[in-house]
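Input: a single structure, listed below in structure tokens.
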Amino acid sequence: MYWDRRVPESRSRRALPDAWGTVKAARLEIERSHGRKELPAHTFQSSRALSGNIRVPGDKSISHRALMFSALAIGESTVEGLLEGEDVLATASAMRQLGAHIERDETGTWHVHGAGLGSLLEPKQALDMGNSGTSTRLLLGLLASHGLSATFTGDASLSGRPMNRVIEPLSQMSASFDASRGGTLPLMLRGASPAVPITYRLPVASAQVKSAVLLAGLNTPGTTSVIEPIATRDHTERMLTGFGAKLEIGEQDGERLISIHGEAELKPQNVVVPGDPSSAAFFMVAALIVPGSDITIENVGMNDTRAGIVRALQQMGGSIDELKNREVGGEPVADLRVRHSALKGTDFDPAIVPSMVDEFPVLFVAAALAEGTTRTTGLEELRVKESDRIATMAAALTLAGADVEEHEDGLTIHGTGGEPLRGTPTGASVKTKLDHRIAMSMAIAGLVSRDGVSVDDTAPIATSFPSFMDLLSGAEAQ
Ligand SMILES: O=C(O)C1=C[C@@H](OP(=O)(O)O)[C@@H](O)[C@H](O)C1
Ligand SMILES: C=C(OP(=O)(O)O)C(=O)O
């Protein structure tokens, strides 16, 4: 076991003897989970036309933030439409450990009694972040300006993901860290009280890093600023403003400048979470590629910083109509009518990447069935998601019979022009590598395949979309 000793080891162990034991236990658990024996494999077969109206679960990004911000407000907040996926449940459980009271009533509304900004409790046990990068990076930010220590653990996938991108700015704000070698989980954080405000220019286009710094700024005296050269999803800014924090959003030399005034008092809110465009994307692509399909996906979040996939699929010739544009919980929302279409291979401008960063795996499936060649570039960030999504999708689509070339920063895919993919060979299955988006993307590929697509492990789907299999069979049956 190797540790990057940013905080002298003796200091961390003295401060957190129990947590250190938990870290070691978590490490063993991670090693065991690499060798899990029985995985819920599934073969997805060619489908008849999809039809009917469906609703996908609540937005994952907004759900995490709704729980976190409610936990910082004094009094009761409610959250309707919360995504009850494993990632969000990891956030709920962490916020409970930090002192919030969180419960779900029989109608499905969540009630959060906040502990208050600056009044979070030191967690007695390690915070288990499961598979969730968002929970981890946002909570590291939040706790960085609270005078407490906490240990963060996660599954094998999360334990391979880079945390230095938040450790660096949060260390500048005076928090200290003891992370595994290379800046990964398990790690220990010691928050600073008071923390020091900074102005931080994002070296990567990441809403998680932006949010980590802004959340640290929330309990820091003075003004903390983030400069964002490339705009990323803005749910943190919108929602913190809604909860009563003081934010200013402007421009500096053509870049976005977001400033937060610290030591604010957050007021409880009633949050309504719109449907997740990232989950809707699987059904958009399914309806576009399965002949005869015509579905309406209701209540889909259409925030410009998130809805790149709709524009990308329309650019490929996909028939997607936005109906009943409206606002839900301060976010633009629409119903999307999606009909089977002859898709065309397209060269995508890398500028679209931040607005659909999680949707590329399923876009690759659309490209594999399109007429002609699709080229994507600027996707380096996909290599540090739940899996290396460039390599994992290249291997998965190739196994299913698609014609794919892998590059450092993207894929070039020569489509079949609507002809079904061959499917996975007998006895072989796609490796999903604990990545929900790979499992669901390849499930959709199976719907237009001759021999079906076998996926080695469907369990990760529950991290973001627990009702995926039921909704898919429902849409096939209508
Ligand atoms: O802020 C968020 O809620 C998220 C930001 C994105 O991550 P990065 O900030 O690492 O790009 C995205 O991939 C993730 O699913 C959710
Ligand atoms: C990258 C994702 O999530 P996270 O970073 O929260 O694990 C995702 O949901 O595709």
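Heads up, the Cβ atoms here are built off N, Cα and C, so glycines get one too.
Any TrEMBL annotation is an automated prediction that lacks curation.
TrEMBL names LYS60, SER61, ARG65, SER206, GLN208, LYS385 for binding 3-phosphoshikimate. Of ASP178, ASP349, ASP358, the residue it gives for the same site is ASP358. The most densely surrounded of the binding-site residues ARG389, ARG437, judged by C-beta neighbours within 10 angstroms, is ARG437.
Averaged across the domain 'Enolpyruvate transferase' (47-471), pLDDT for the predicted model comes to 98. With a cut-off of 6 Å between Cβ and the nearest atom of ligand 2, the binding-site residues SER61, GLY133, SER206, LYS385, ARG389, ARG437 reduce to GLY133, LYS385, ARG437. Listed in sequence order, the recorded positions among SER61, ARG161, SER206, GLN208, ASP358, ARG389 whose CB lies under 6 angstroms from an atom of ligand 1 come out as SER61, SER206, GLN208, ASP358. For the pair LYS60 (phosphoenolpyruvate binding site) and SER206 (3-phosphoshikimate binding site), the C-alpha distance works out to 16 angstrom.
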